[in-house]
Amino acid sequence: MNDTDLPKLSGRLPSTLDDGAVDDPRFRAAEDGIRALLAAIGEDPGRDGLRDTPARVVRAFAEYCAGYAQDPVALLRKTFDEVSGYRDLVILTDIDFVSHCEHHLAPIVGRAHIAYLPSKAVVGISKLARVVDAYARRLQIQERMTAQIAGCIEAGLAPSGVGVVVDAEHGCMTLRGVNKRAPRLRTQAFTGRLADDPRLQQRLLDAIPTTW
Ligand SMILES: Nc1nc2c(ncn2[C@@H]2O[C@H](COP(=O)(O)OP(=O)(O)OP(=O)(O)O)[C@@H](O)[C@H]2O)c(=O)[nH]1
Ligand SMILES: [Zn+2]
């Protein structure tokens, strides 16, 4: 799978206030935008309690979106090939993440579950969680994030197959709009042997705890 949505690695807001970010004109413009938003909801952006809020919000969004600065495939560069012929599924479940929807900038809170069939090397399992975060920390829709994670593992490890299942609650449905208490969206992507073999898919699905 081609990852056509690899991030632009420049032109983003810095994710911290270090290294001169305070002087970045985009940072200042974004703060003005938050001040305008505060005024639009009937607040006084000049009152004491809100004076530092625009800068905080911009910093927070830079942090929520820090994944744009990462190259997720590069996270999988270090692999281990001394696995004594291990060829079965590697399954990592319940990788929690927070993302933000690109429609409302509302939080998406969920868990990703990943399986892959190694062809020769395996990767440190923390790297799979790092890949999830690199895509979650962007503005997303869940379907795209799911496909991106699968595509990244495919590109980074060239395994015999990948399965990614994502379960998440969307703030834009639970906190506003239709206001449903806890609808959970499941998306999944399978490649290679997992795309061809429903029994391999089922092994990943069976490994996912039913509660969270
Ligand atoms: N498929 C998909 N839809 C999403 C995701 N996140 C949010 N949405 C939906 O995106 C849609 C945006 O719809 P619009 O009609 O443009 O926006 P809206 O008027 O705010 O819609 P409501 O949420 O129904 O009030 C909504 O139906 C959201 O529930 C996602 O990850 N995947
Ligand atoms: Zn939304």
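Any Cβ shown, glycine's included, is placed from N, Cα and C.
TrEMBL lists 31-208 with the feature domain 'GTP cyclohydrolase I'.
According to TrEMBL, the feature Zn(2+) binding site maps to Cys101, His104, Cys172. DSSP assigns His104 (Zn(2+) binding site) to coil in the three-state reduction, outside any helix or strand. Counting every protein chain shown, the Cβ of His104 (Zn(2+) binding site) has 15 other Cβ atoms within 10 Å.
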Nonlocal residues around Cys172 (Zn(2+) binding site), in sequence order (Cβ under 8 Å, 6 or more apart): Cys101, His103, His104, Ala106
Listed in sequence order, residues not in Cys101, His104, Cys172 with Cβ within 8 Å of the centre of the Zn(2+) site Cβ atoms: His100, Glu102, His103, Leu105, Ala106, Ile108, His170, Gly171, Met173, Arg176
